[in-house]
Amino acid sequence: MATPVEGSVELVEQEADPVCPRSRSGVPGEISVEALSTAANVLESRPSEDDELGAAAAGILCDDRESLEGKESLVPPVTGSEAAAALQPRPFNLNRYVLLVVYILYTFASARVLFGWPSLSSMLFRAGAFEWLCRDEPSVTDKRYLCRAQDSAVQLLFTVGVAVAFCFSLAAGLLMDFQGPKVCACVGQLMNTVGWVLLGVASEDCQTYIPGVFCLALGADAGYLPSLNISNLFPGQEGLVIVTMSAAMSASFSVPTIMDGFWRNHPEQSFFWICVTYAITGTGVCFLVALFLFPSRSYMSQEELMRESRQGSSSANAPASTERNEKPEAEALTTKEAKTAWEPVDGEPAEAAVGRGSAQRQGEGAQLAAGLEASATIPFAKQLRSPYFYCFYIYWPLNALFYNFYMTSAENLFNAHVNDVLGILGPLSMVPAILLGKLADTWGVMALVLFIISSGVLMYAFALSRFVPCYYVSAVFSCLYLSNFSGQMYAYMSDTFRSTDFGKVVGVTSATGGLLSLLRIPLHDDLTLHVLDGDYFYTCLMMLGLTLVCLCLALYLFFLKRRWPKAYLACPKNAPSDRVEADEQVTITLHS
């Protein structure tokens, strides 16, 4: 054990520096505070040069590595509140946790209200939607609909809505990538507002049911996707934040349940009054939130900021005028708060500030950071041809198909009481969604994906039983499955692809899922009703087979991501041998 020396920094353990991979040498047991103080003064002497802010924390010491060989580098933490990603500029400079709460409420109020279909279809039946189709049809007494023709017409609305919602995810993703979260969210909330007004005025003389659902479907992902970008403000907890937002999205299924319950208790109110009231107090308020509290440009992830910092440090020796033209965005790396974390406080020597900044890292995320720094970026077109993408590209659209079939067939699969339970369990899916957020944060996103698809398998397995209590078990598993039906895709894509490509990969996958979900129409109307004469057993058995295929794909992706988690970075084994691939834990003690 080293002996404490006055005015020095005692290094307990260090193997390598991931931010300066050019360094190959070890570090002596004791390093000079004077050198570190000099490095800190270099940082403090250039606070007004915007072109060097991105490289201030890591680039300066990297470029001077030959002169400061073996000395502790001033590397900002990669996780926690002091990370560069957590300190990005926010609307009205709001605290990131306050902003997260606002986004959660925003998502709850407007995200996927259309997907609370059991309660919404109940309101449509009670409002007399398509009841004119029953004039020449035999009546049904033990169901919520008047006749099969009315049921088919109302259920078709959900099929069309799901297909349009998923297909428009591509346009919503492109809109968010190229125009920013603010524009995308505002467009989504405008479409939601128009959709509810059209549903409210619909009747036999003004048949705006399909246009209304069409607008709700267009606004679903356009209003919701931008809210997921806030996860980049929480480096190291992105998965937890995304799944929490997905839980809020699941909770939005309760909006039709609340509206339906209110209407049952106040039958004197009209369906038009209920829809317009929600359009004003729900989606209208969310439009204002999107307008004022969503960023014009997407928040960048910590990994992207680190790589941008690396690019800034590589050009640190170039003339300042050249850097000023090439890296205008580096300012986001070191905001006023970020620089404060690396400056001495009153009465504290400069060398203490250096030690304090380094100690704040505590080795968080160092192993992954080293691997990412040692990896070359893979072109986006090549990523789309990798198993990271095409396996999930097959997996999720199949999910969209069997989920759509289950939700629209529940009226005929189960009795009225089980369907009422489904309407209640839908909003309650936010509870397992929150717990699954911890699962994803602890064990990774593939643990979440495996849990969700396993719930889907059991959902259909129990639905095939002729034993009535099994129907309630199936409803419970449908609640678990629904809790992160879309969240599994968002979590996987966010964890596997770059944030700048997030909208595109989600959009393409969702659009394919939307188109594939249209197969529900021939599967239900032609195969189940006409060929099988209303026997849902064999069609559900086919859907169970699809869930097992998806389970196999999820298992393959689980082992693939265990080997290397990122689709956009080459595996470190392909990197030069002098790159750092191991975790480097740095612990220092300061003696004053």
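The backbone N, Cα and C atoms fix where each Cβ goes, and this holds for glycine too.
Record features (TrEMBL):
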COMPBIAS  311-322  compositional bias 'Polar residues'
COMPBIAS  323-340  compositional bias 'Basic and acidic residues'
REGION    1-26  region 'Disordered'
REGION    305-346  region 'Disordered'
TRANSMEM  97-115  transmembrane segment
TRANSMEM  153-176  transmembrane segment
TRANSMEM  239-259  transmembrane segment
TRANSMEM  271-294  transmembrane segment
TRANSMEM  388-406  transmembrane segment
TRANSMEM  443-465  transmembrane segment
TRANSMEM  471-493  transmembrane segment
TRANSMEM  536-559  transmembrane segment
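Of the two recorded stretches, the transmembrane segment (536-559) lies close to the transmembrane segment (443-465), with three or more CB pairs under 8 Å once pairs fewer than 6 apart in sequence are set aside. Of the two recorded stretches, the transmembrane segment (388-406) does not lie close to the transmembrane segment (271-294), with fewer than three CB pairs under 8 Å once pairs fewer than 6 apart in sequence are set aside.
Away from its own ends, the transmembrane segment (271-294) comes close to residues 91-92, 94, 99, 102-103, 106, 109-110, 123, 126-127, 181-182, 185-186, 188-190, 192-193, 196-197, 199-201, 219, 223, 226-227, 255, 259, 262-263 of its chain (Cβ-Cβ under 8 Å, at least six residues beyond either end). Using the rule of three or more Cβ pairs under 8 Å, pairs at least 6 apart in sequence, the transmembrane segment (97-115) is in contact with the transmembrane segment (239-259). Sequence-distant contacts of the transmembrane segment (153-176) (same chain, six or more residues past either end, CB-CB distance under 8 Å): 114-115, 117, 121, 124-125, 129-130, 133, 145, 183-184, 187-188, 209-210, 213-214, 216-218, 220-222, 225-226, 229, 298, 400, 404, 407-408, 411, 502-515, 517-518, 520-521, 524.
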